[in-house]
Amino acid sequence: MKIQLASSYGFCFGVKRAIKIAEEHQGSKTYGPLIHNKDEINRLKEGFDIGLAEKLDDVTPEDSVVIRTHGIPKDELSQLKAQENPIIDATCPYVTTPQNIVANMSEKGYSIVIFGDKEHPEIKGVVSYAKDLRNAFIVKHEDELKGLPILSKVAVVAQTTRKPEDFLKIVNALILNHKEVRVFNTICNATFENQDAAAELAKDADVMVVIGGKHSSNTKQLHSICKSYCDDSYLIENEAELEPKWFEGKKLCGISAGASTPDWIVQNVIDKIEALK
């Protein structure tokens, strides 16, 4: 069985930047998990004494606080500043872009539509920048737009890790029903590249392994894309989750990895699959 990596996979610019920031601030705490990868979080904890604050009460006066890659709600950032904790912002620049767009367009009187998962930390942060939360709407499907009190002029942004084709469905539905629609494509380039590369490989592979955190939006999107081309597509966090039966009788095993998956985990998975051959 041949093992082939997707032409684009793994750590994106924003995650690489955040990891470097954390490593340079040994002994600090991240506000929320820095990235959606438990193994890498544990590496930072063990090697660099990086702690975790899940809420404001977990932050002590002496803590230096690293803001997670996904960003945090505006009011929580303001409270951290009011507490005068040293703050190191590791929010991905691709995430601050929709934050700024939402702030700017809502100030100009536009309704805000955000395509994404309302429970995802990135989206919780982005929507908090709206001037009036009653005029900001989070949707995952175009059907959810029906009946919403959206104004005649609307600005739309996307969670950075969503599928472009799904974003277009939201945009098309808005254009059909609203006089002025301002579209801001805030999907990250790395997301495009990883998704396209995974799709191309999945077309040829007879088994696909997608590596990444189970709570990682971009990893789940990759798995969904692979599954649409290759029925035997599996999402794992590390090599311990591999099952020998997946590879029985297979000729080509494709591998992709989410944006929060470090190369050392990818290599561990490859080594384990090699051993199973």
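Glycine residues also receive a Cβ, built from the backbone N, Cα and C atoms like all the rest.
Since this is a predicted model, take the numbers as computed values, not measurements.
Taken from Swiss-Prot, the feature [4Fe-4S] cluster binding site applies to C12, C92, C188, supported by sequence analysis. For C12 ([4Fe-4S] cluster binding site), applying a Cβ distance below 8 Å and a minimum sequence separation of six or more within one chain yields C92, C188, A190, T191, N194, A259.
Within 10 Å of the C-beta of H36 (isopentenyl diphosphate binding site) there are 28 other C-beta atoms, taking all protein chains into account. What Swiss-Prot lists as isopentenyl diphosphate binding site is H36, H70, H120, S216, S217, N218, S260, and the listing cites sequence analysis.
With a cut-off of 8 Å between CB atoms and residues at least 6 apart in sequence, the same chain places T161, T191, N194, G212, G258, A259, S260 near N218 (isopentenyl diphosphate binding site), listed in sequence order. What Swiss-Prot records for H36, H70, H120, T160, S216, S217, N218, S260 is (2E)-4-hydroxy-3-methylbut-2-enyl diphosphate binding site, and it gives sequence analysis as the kind of evidence.
Counting every protein chain shown, the Cβ of S260 (isopentenyl diphosphate binding site) has 30 other Cβ atoms within 10 Å. Positions annotated as dimethylallyl diphosphate binding site by Swiss-Prot, on the basis of sequence analysis: H36, H70, H120, S216, S217, N218, S260.
Close to E122 (active site, proton donor) in the fold, though at least 6 residues off in sequence, lie H70, G71, V95, G116, Q159, T160, T161, S217, each with a CB less than 8 Å from its CB. Among the features that Swiss-Prot reports, active site, proton donor is placed at E122.
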I need the least crowded one of these binding-site residues (T160, S216, S217), counting other C-beta atoms within 10 angstroms of each C-beta. S216
Beyond H36, H70, H120, S216, S217, N218, S260, what residues of that chain have CB atoms within 8 A of the centre of the dimethylallyl diphosphate site's CB atoms? I35, E122, T161, G213, H215, T219, G258, A259
What number of additional C-beta atoms lies within 10 angstroms of the C-beta atom of C92 ([4Fe-4S] cluster binding site)? 23
Around the Cβ of C188 ([4Fe-4S] cluster binding site), other Cβ atoms within 10 Å, all chains included, total 24
